[in-house]
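K.L.:
Below are the structure tokens for one structure; questions will follow.
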Amino acid sequence: MQDNGYLDMFFDEAKEYVETLNNGILTLENNPGDKETIDAVFRAAHSLKGMAATMGFENLTELTHKMENMLDRVREGKLEVRTDFIDLLLQGLDNIQFLVEKIRENEGEEPADVNLAGFIKELANYGQQAAAKMDNNQDDLEAKEADFSLQLSQVEKEELEKRKKDKERIYHLKVVLDEQDFQSVRAFMVLKKIEEIGTLFKSVPAKEEIENSEEPISELDIYALSWLPAEEFKEEVAEVSGADVPNFNEIENLELEEESSESDEGSLHAEHKVNSFQSSSTVRVDISKLDTLMNMVGELLINKTRLQSLDIQKSKFNEIIPQLDRVTMELHHIVMQIRMVPVGVMFSRFPRMIRDLSNKMDKEIDFIMEGQETELDRSIIDELSDPLTHLLRNAIDHGIESPEARKAKGKDEEGRIELRAYQKGSEIIIEVKDDGAGIDADKIGRKAVEKGIVGEEELEQLERRDILDFVFHPGFSTASEVTDVSGRGVGMDIVRNVVKKLDGQISIESELGKGSTFTISLPLTLAITQALMITVDGDTFAIPLNAVSETLTISPENIKKVRGKDVIVLRKNTIPLVSASEIFGSKNIDSFKKSEEDLSVVILKSGDRFIGLIVEELLNQQEIVIKSLGNYLQDTEYISGATIIGDGDVALIIDVRDIVA
């Protein structure tokens, strides 16, 4: 069994390399000549191979080695990037993910019952004919590879000629080290490997500098001598984990040029050292440690609030409170930034899925992603992947029509699916949009009546958006056949439940024949938020501030009846009205109508819907720490959580979606 510390590092880095491979391969499909992408994909395969070899995972090593060879032939211009080439690489990537997952399940042991010999042979044999047709000019290739930074002085060239023995070859190579842990160790291993297979003549940084350096090493420029043939020498060096040899040249004749000025050589070496000793600006942190840190910040905020509520007039105390407030806010901000990750981490898995499903269903789809840099709390991203997957699969299966159907409707044969993320105030908005068939609201309504979800008379009173919401009802579907792509409507209710669990909401806009847009609104974080504090029958409640449109005071005479419901008219808009006391206490709106005092109203918003909530008293705005209600109370209607307020009491957090719904 492997050491858990090394295993965790292996799984973390393997995940990153798999993502790089996936994104890079898909990019290559659209841009076959993108040299930067080819190099990045090659380095990822090479590094993954090195890690697998270090850990002793033979199947994974062999698989990644064959993929690396294919990519190296592309780099050298000996292999063409075609559709079958991409398909084969993606199959290889699937096998890599399968092996890594099996190793995780087996606690560090490679599965003995997995036989990939056939597929590995297919990788090894691929492209031999293509390679024969694409024999590049070797002289041009060597000229390109010879463009290095490190040059030898005349004295050094003379010394190198003296040390060269019979039939020994001179090699000039550049070694690039991946941005992993232990870069300096890897650099030292490269030089040690060269000393094993030949003679190290000169390197920048020098061996002594590497041994004494506390900074990571990103690249090496090396002159060496060896009896090994060029390809064999290069392969031996590249076998070192995390090492890539992008530039390699065998020098047949050393021209004894005039020695460069000391200042030129000195500045060249200095520049090279600067480039070689770039320190990393990131560090891996276990998410559980961040959760613990966030909980501690939450406790600090609670105690700060309690201190502020104490009736103490001493000047020193009053001086300390603002300082504590500032430090707490800064700490909170930093912790929140640490927890935030770009949604691109989640989005990156979808292009491959869209590609595979569109090929499977013979549909042409242009998949566009925007806003990958938008940041969201890590815990939310972890939960949101499955709902988005379901929405995208639905868009492919039920939304986008076949090329023939689209052509008959006068549309482009290629469908379009957009996945977009952006920040709006204190919320993150994620949209899944397609230009497909759209949703037939009339058909949805008839199906809802058939299922007994709604009566015919009630259906006639509903707005179109309310009818579309029936697709989120458990088991609801209008699909005429079941497919293995998106199922038969089962899952849309789960999508809404997951979004609701994340304190978010989902809405639909759809036009028949034009397409649909699913919009998910989410809070930036689930841990700490700003809230409006209110009282209801003497008890304190908290309303998340992002759900508050405004507060106002009205006279009981302003309350009107429309279709049997209490409403108020606000700037020519009719707003439904409910009593918080009726929901959580004992008073209904009729009792408020008899009052001669003005009423405090909070206008709540959920999506594009608004409702007025009559409360006993508006207190203040404050930052609250959201606490779970636990397993037994988590499904309590109208309540989403709890928080501890200044006097140490518990205040319940109102679930605005339940009230507005």
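Think of each number as a place in line: the chain as shown, counted from 1.
Any Cβ shown, glycine's included, is placed from N, Cα and C.
Heads up, here are the entries from TrEMBL:
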COILED    138-170  coiled coil
DOMAIN    1-103  domain 'HPt'
DOMAIN    278-526  domain 'Histidine kinase'
DOMAIN    528-661  domain 'CheW-like'
MOD_RES   H46  phosphohistidine
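Explain the structural surroundings of these features, please.
P.N.:
Confidence for the coiled coil (138-170), expressed as mean pLDDT, is 63.
DSSP assigns H46 (phosphohistidine) to a helix.
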K.L.:
Per DSSP, what is the helix/strand/coil residue tally across the domain 'HPt' (1-103)?
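P.N.:
Secondary-structure breakdown of the domain 'HPt' (1-103): 87 helix, 0 strand, 16 coil.
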K.L.:
Please work out the number of neighbouring Cβ atoms within 10 Å of the Cβ of H46 (phosphohistidine), leaving out its own Cβ.
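P.N.:
There are 26 of them.
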